[in-house]
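Visitor: According to Swiss-Prot, the [4Fe-4S] cluster 1 binding site annotation covers C40, C45, C51, S280. The feature domain 'Radical SAM core' is assigned by Swiss-Prot to 53-269. The [4Fe-4S] cluster 2 binding site annotation in Swiss-Prot covers C67, C71, C74 and rests on sequence analysis.
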Amino acid sequence: MTKQTEYKRKPEWLKIKLNTNENYTGLKKMMRSKQLHTVCEEAKCPNIHECWAVRKTATFMILGAICTRACRFCAVKTGLPTELDLQEPERVADSVVQMGLKHVVITAVARDDLKDGGAAVFAETVRAVRRKNPFTSIEVLPSDMGGVEENLRILMDAKPDILNHNIETVRRLSDRVRARAKYDRSLEFLRRAKEMQPDIPTKSSIMVGLGETREDLLEAMDDLRANNVDILTLGQYLQPSKKHLPVIRYYTPAEFAELKEIALSKGFSHCEAGPLVRSSYHADEQVRSAKENTVEAK
């Protein structure tokens, strides 16, 4: 079997059953009516049917649908972004009410065209959701916002329940995989977030199957723990289109189980690992587990 056929032919464990019941259809209509975007759709997440139809959860993507970066793994559109929509925070908050969410994830495209990287709108979205949904836990998943400390502080001052920022891949592959992002800058971003708000759990995610070695993965885990990251998610990279980076290898469920055990042994309070795991997959369970472990640690 050639490397090309290896990454084009998905193994059985990556095949999913689509479920488009009334919850899924209703949520899709609501998102369009409120002119909102979800990373579930834009990034072609394989779990969209489970989350929307079964769990009735979604990850909102704010600051528009066009990213200023062109990472070679990502399906989100790139180009010249639209103007900021200052009413977007309230629409997101209203949607959380309508959906009855207990946990919401708010992510965004990278906005390198903005001085604050979109931090002010991000923070206002957190506050709007909190005002209208006081019992909903809030997870934020920002870009590195240019690595500017003040931008991160604006977001952390809004006090989300969890700060998620993905390193995406291992150090050796980072420059090839992540356009305009830096491995060490992401680690610093995570470290600073914990320093600013020590009681807020931090989280990061790694895709596998891009050509990394076992040693690369162990090093990345150690790097995250050295910067006090609490939660790790590990999932299989899937090629969105022929224009994106190819899959070099598919990891088996058994390999993911082993990586999870290794991550937990290194001190992560929670690790979600599996072929279809994505950063926001079962996010409600992750934040609950992290908080329980934080209480036990105290």
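Each residue, glycine too, has its Cβ placed from N, Cα and C.
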Visitor: Residues other than C67, C71, C74 within 8 Å, Cβ to Cβ centroid, of the [4Fe-4S] cluster 2 site?
Guide: R69, A70, F73, A75, V76, T78, V109, A110, A179
Visitor: If you count, for each of the binding-site residues C67, C71, C74, the other Cβ atoms lying within 10 Å of its Cβ, which residue has the minimum?
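Guide: So among C67, C71, C74, the binding-site residues given, the one with the fewest Cβ atoms within 10 Å is C71.
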Visitor: Hey, does DSSP put C71 ([4Fe-4S] cluster 2 binding site) in a helix, a strand, or just coil?
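Guide: Note: C71 ([4Fe-4S] cluster 2 binding site) is coil by DSSP, not helix or strand.
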Visitor: Return the count of C-beta atoms lying within 10 angstroms of the C-beta of S280 ([4Fe-4S] cluster 1 binding site), excluding that atom itself.
Guide: 30
